[in-house]
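Look at TrEMBL and you will find B:79-174 tagged as domain 'Toprim'. The zinc finger annotation in TrEMBL covers B:56-71.
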Ligand SMILES: [Zn+2]
Ligand SMILES: [Zn+2]
């Protein structure tokens with residue numbers, strides 16, 4: 001029964017993460033019923049973001065301003081830099097507000113399998129930022145995967161000649177994690193990184 | 001960290017049914033990362049619907065054409081009319097493809113509490129459609145609520161002088177419903193409408 005326009009909208013919404021075909025249908029119906037209160041505002045919000053969207057030349061974050069809001073935030077500690085694979089990792093870490101410094105987005109991780117080489121990632125730019133000085137600590141916040149860790153090791157080598165403290169996220173049991181539900185790799189990491197008690 | 005534009009988009013998405021603040025955030029990140037493949041198509045789809053959206057003058061359905069696709073579909077039985085409270089009910093019934101006729105959307109249900117009177121609903125229009133002739137059966141598909149049933153009774157009275165068969169959706173046990181999980185009202189309806197076995 002849906003017209004081609006409504007069908008196209010349903011499909012565009014259904015492709016969003018977290019929305020399936022069923023909830024996309026409900027969302028479309030909601031938008032159709034609330035043309036002024038829901039459809040028009042959403043269209044305008046998308047338009048505004050689309051027109052201003054840019055990639056931060058400093059850190060690789062996506063924002064509507066360049067440099068991005070994080071890079072220009074005076075309350076952030078410019079001496080601490082957190083290196084992440086992807087913008088989604090940056091957002092996940094930033095949401096928690098646990099890291100008070102700035103970020104550097106690599107745009108992926110080294111992968112022999114997928115043919116991703118150092119020059120395909122923003123690694124030279126990272127080295128350049130560190131070489132420019134003013135940075136005390138670089139946190140390597142790669143994913144706890146083989147490729148993520150390979151990437152971290154490669155970056156650590158590239159940065160070892162600079163007077164910065166290199167750290168990485170601790171690996172181990174997730175909070176609330178029950179031993180017998182964890183995969184072997186996590187258990188091995190947790191055992192290897194074991195600490196004295198008390 | 002999000003700019004005003006990104007914040008506005010997140011909030012517009014979070015207001016859609018089925019998306020909370022958390023999944024809206026994920027959806028926005030997806031849109032930011034896929035400007036050409038996700039953001040622009042969604043914006044265009046919304047625009048197209050917004051520009052063509054209309055309410056069917058015959059039945060009250062929302063569609064991008066007027067009369068709507070249902071009212072002009074030659075494969076549908078114009079002699080059967082299903083009366084519903086809301087467009088969402090029309091969509092729910094139409095999705096199942098169980099009803100082969102056309103629809104009539106009232107735009108609500110009578111409610112003493114909320115001050116909704118017969119003249120606030122598309123009841124005169126319904127009577128007009130039936131009076132014009134060519135309709136054999138009117139299915140009253142109101143919700144199984146007190147207000148829905150009050151509305152159905154009122155409409156039945158208004159239509160009783162016309163030579164049409166008036167029916168309503170059966171009430172009773174939902175398929176798969178277990179007796180001890182059902183509310184008393186459903187049980188009472190199911191008992192009242194009991195049928196001989198075999
Ligand atoms: Zn930045
Ligand atoms: Zn119609």
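Cβ from N, Cα, C; glycine included.
TrEMBL: automatically predicted annotations, no manual curation.
Help me picture where these features are in the structure shown.
Per-residue pLDDT, averaged over the domain 'Toprim' (B:79-174), rounds to 90.
Counting same-chain residues at least six beyond the ends of the zinc finger (B:56-71), those with a Cβ under 8 angstroms from any Cβ of the stretch are 48-49, 87, 90, 94, 102-107, 122, 125, 129.
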By DSSP assignment, list the helix, strand and coil residue numbers for the zinc finger (B:56-71), in that order.
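Breakdown, helix to coil: 0 helix, 2 strand, 14 coil.
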